[in-house]
Amino acid sequence: MFAKATRNFLKEVDAGGDLISVSHLNDSDKLQLLSLVTKKKRYWCWQRPKYQILSATLEDVLTEGHCLSPVVVESDFVKYESKCENHKSGAIGTVVGKVKLNVGGKGVVESHSSFGTLRKQEVDVQQLIQDAVKRTVNMDNLVLQQVLESRNEVLCVLTQKIMTTQKCVISEHVQSEETCGGMVGIQTKTIQVSATEDGTVTTDTNVVLEIPAATTIAYGIMELFVKQDGQFEFCLLQGKHGGFEHERKLDSVYLDPLAYREFAFLDMLDGGQGISSQDGPLRVVKQATLHLERSFHPFAVLPAQQQRALFCVLQKILFDEELLRALEQVCDDVAGGLWSSQAVLAMEELTDSQQQDLTAFLQLVGYRIQGEHPGPQDEVSNQKLFATAYFLVSALAEMPDNATVFLGTCCKLHVISSLCCLLHALSDDSVCDFHNPTLAPLRDTERFGIVQRLFASADIALERMQFSAKATILKDSCIFPLILHITLSGLSTLSKEHEEELCQSGHATGQD
């Protein structure tokens, strides 16, 4: 809840900026100015960097010398208040991007979210540089040695943080609906934050977390470039990147690099930057289609029973955000060859049922578990299959809030293959014809409404006309359309045979 609330806050006040949201409330006390933070570089363009707060400061890892005494500037940051629409009946409407979508909505109530007045503390960077000018990094420091073992992490120093000034409560509101004649139920979650003026908290069954005043909800860092002899530089300019000077280039994955290089997405722009489309709004989809057919080939050659089992586990994961985050962390650590405390903690927080699903998924994609739970003693028996699964999971984990719920609903409705066909057709000229037999399931108004909401979460606005649909990109970025294309392609590869059987069965019984 806390992670989602802080993430939503930054989307509104610092979209595309340099601030980082705090993911765990327990990390708030660790976030002191000049604390060390590691930034884990990711492999694919849509993956956001991961950050870990270390139990050390910059002073702790420097050689002896003049003690760092940072000059701290404190100021008002912003008074954060946000209004959103919640629907008070079972049927849900939703507002995504610039498009308002309603499927049987029966009234809207306006809710209010607020962290209240926020304060910013910031280090005087120029003074810090002067104080550290003759200092070097102690490369024998235990903390530094552990960071170097990770091979693809950047050492950073915390230079600013954003804090609350009053007590807040974070609540989660679950909205439910039944659609398509009761065939499926959809539950979407919204996070609401309320600041309390006098310190009192109103009891509410939806309140799940209370955060005190002076809680850090976001922070800013500055990367360091550390040379082999311990000399280091502060990376002040936008294009200047930190890291460690190595005698030889190290691969960013621990497993067979060839298993990962088959995924042809390494030369695209960083996930935080927009990819402008000049040759059509869904040009990136057309570019990626052939690559994805090759990338998901290991799924295509699996035995039908294994395909179906993997697809069934994935359906559970799509409706369980906590399980998806834990699975992505585990896959990330397996690929990196070094288990992190985040993976261990994520698995410990899972229920027995969630752990069973996580274990089942890993075993189905070529991961051999030696003990009771996944751990560093395990090994990957089929690297291409595991790389393919990690590729899909990484894309699912980067989908916006509630998008995986809509995707899971489409799996239940057996329309994944239709959605792939729809996306391909739209990538040609932004318009598709519903006379195409593969698109027949989408002629249903309620099914199309769910598809609209899924596509809107990927910044694609679908407009339905009498016998066709038209697509418009909502933002000048192709990252979310690319992620949607990857997830649909992976799920379609696993479910295609099953959906074809259902389609043939439907025709045999005279159903549409």
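Every residue, even glycine, has its Cβ placed from backbone N, Cα and C.
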Of 1-56, 281-336, 393-448, 449-504, the range Swiss-Prot labels region 'Membrane targeting domain': 1-56
Mind tallying the region 'Membrane targeting domain' (1-56) by DSSP state, helix then strand then coil? 18 helix, 15 strand, 23 coil
Need one number: mean pLDDT over the region 'Membrane targeting domain' (1-56). 87
Measure the Cβ-based neighbour count of CYS168 (S-(2-succinyl)cysteine), defined as the other Cβ atoms within 10 Å of its Cβ. 23
If I take the Cα of CYS45 (S-(2-succinyl)cysteine) as reference, which of the recorded positions LYS120, CYS168, CYS411 has the closest Cα? CYS411
Residues satisfying Cβ distance under 8 Å from CYS235 (S-(2-succinyl)cysteine), sequence separation of at least 6: MET222, GLU223, LEU224, PHE225, HIS241, GLY242
Taking only the CA atoms, the spacing between LYS120 (ubiquitin cross-link) and CYS168 (S-(2-succinyl)cysteine), expressed in whole angstrom, is 17
Give me the Cα-Cα distance between CYS168 (S-(2-succinyl)cysteine) and CYS156 (S-(2-succinyl)cysteine), rounded to a whole Å. 29
